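Residues or ranges marked as domain 'MTTase N-terminal' in Swiss-Prot: 5-117. Positions annotated as [4Fe-4S] cluster 1 binding site by Swiss-Prot, on the basis of sequence analysis: Cys14, Cys48, Cys80. Positions annotated as domain 'Radical SAM core' by Swiss-Prot: 135-363. What Swiss-Prot records for Cys149, Cys153, Cys156 is [4Fe-4S] cluster 2 binding site. Positions annotated as domain 'TRAM' by Swiss-Prot: 366-437.
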Amino acid sequence: MPSRKKLHLISLGCTKNLVDSEVMLGRLKEYEITDDNTEADVIIVNTCGFIDAAKEESINTVLNLHDERKEDSILVMSGCLSERYKEELQQDMPEIDIFTGVGDYEKIDELIASKQSTFSPEVYLATETSGRVITGSNYHAYIKIAEGCNQACSFCAIPSFKGKLHSRSLSSIEKEVRMLAEQGYYDFSFISQDSSSYGRDMDLKDGLIDLIKVVEAIEGVRSARILYLYPSTTTFELIDTIADSKIFQTYYDMPIQHIDDAVLKTMKRGFGEQKTIELLEHMKSKPNAFLRTSVIAGHPGESQRSFEKLCSFMEEFGFDRFNTFHYSNEETTTAYQMEQIPQDIINERAEILGEIAERSTLRSLEKMVGKTVELVIDGESDEHEYLLSARPLQWAVDIDGEILINDTSDLPVKYGKVYEAKVTELVGMQLLATLIKEC
């Protein structure tokens, strides 16, 4: 019997990209997955084209894999970078055997068989029939609820290659979640470019609220959270619905990008300082709420005074987590033609915001000491073989950190199972906890 061909796949960028990578894995089940790229018959890099750093990572990854690939292997470049720069890349990168963008993930097996590059005009949106292979977890899955975005933020090129908002039907989402719940998945993260706009293209007034109600009724779903809310499409009613839900975590991930009115106007965010703060305060007023956001350092028009105002707000408000992005000047965006802030000033501002973010996270972690939390054990810790890595169910996967279990109370430990635990201490930026019981 001939040995199976081997596949090496790297998924770069966001979790939305990961879902598309999982669709490709589902179409290539006859291949054996290998971590060793030098022995792979097919190598796929699902690229990110969001900002300069991501573009650079994508190109470097592809070129490094090409240098190490075995003879007669097939190298595929898919995803956002490939879509965004399809003409230039096909001309400048003869190392690549197959180029494909954001429309053909479900046809990847056909493209490899015919060794043909294709760019479909429609953006692909995974459904319950995609046959994706969930990676990295036996209990958690990302559910993509929409593609594209109707916002017109000055700094963002995503609508230029992902198009307008295109939502999945509620029944499609319900079927996928139900199917995964029947397979034992119980924790779900709902994602898109602008999740709070979900359903607006289908004339659903409160699409996300409708989705919450549907998911709450699915047997086997224990926990869920929504990522990527957008201020101008987030309502007080949505905030209340999330807080009142028995299934959805009181978890608010809403990138604000800035807080100064003048900068927000230049960014074309559609919401000013006052309305943004009203939303954030309403979120923060909910019992045990967790708030995550992101900001941009050095957008054109950000004066020193605007920046200092942002710093003061981020220091004082009390976010549990926030990310800082260096402003990246992207062609096809309206900010591209604006007068740019020097890179050294952008770097300096981003560093200051990064330090504020660390202090903000530390204060959030300190509040957890002494609390009893529900957490799921993911496996042995990378820090120490005698410690276990766990994640509170409220936190998002990968981005919010881990809690280390240093005392199991002699309970039988099962990876992927939920336990009640008491957080006992904070060492540096690392929380430690003791298991109390299996839930």
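Even glycines carry a Cβ here, placed using N, Cα and C.
This view paints the features noted in Swiss-Prot onto the structure.
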residue	record	Cβ neighbours (10 Å)
Cys14	[4Fe-4S] cluster 1 binding site	17
Cys48	[4Fe-4S] cluster 1 binding site	22
Cys80	[4Fe-4S] cluster 1 binding site	27
Cys149	[4Fe-4S] cluster 2 binding site	21
Cys153	[4Fe-4S] cluster 2 binding site	22
Cys156	[4Fe-4S] cluster 2 binding site	23
Checked against DSSP, the composition of the domain 'MTTase N-terminal' (5-117) is 55 helix, 23 strand, 35 coil
Hey, how far is Cys48 ([4Fe-4S] cluster 1 binding site) from Cys156 ([4Fe-4S] cluster 2 binding site), Cα to Cα, in Å? 13
In whole Å, how far does the CA atom of Cys156 ([4Fe-4S] cluster 2 binding site) lie from that of Cys80 ([4Fe-4S] cluster 1 binding site)? 13
What are the DSSP helix, strand and coil residue counts for the domain 'TRAM' (366-437)? 1 helix, 37 strand, 34 coil
So what's the average pLDDT for the domain 'Radical SAM core' (135-363)? 97
Excluding Cys14, Cys48, Cys80, please set out which residues of the same chain place their CB within 8 Å of the center of the CB atoms of the [4Fe-4S] cluster 1 site, keeping sequence order. Leu12, Gly13, Lys16, Asn17, Thr47, Gly49, Phe50, Ala54, Gly79, Leu81
Do me a favour and check the Cα-Cα span between Cys149 ([4Fe-4S] cluster 2 binding site) and Cys80 ([4Fe-4S] cluster 1 binding site); whole Å is fine. 14
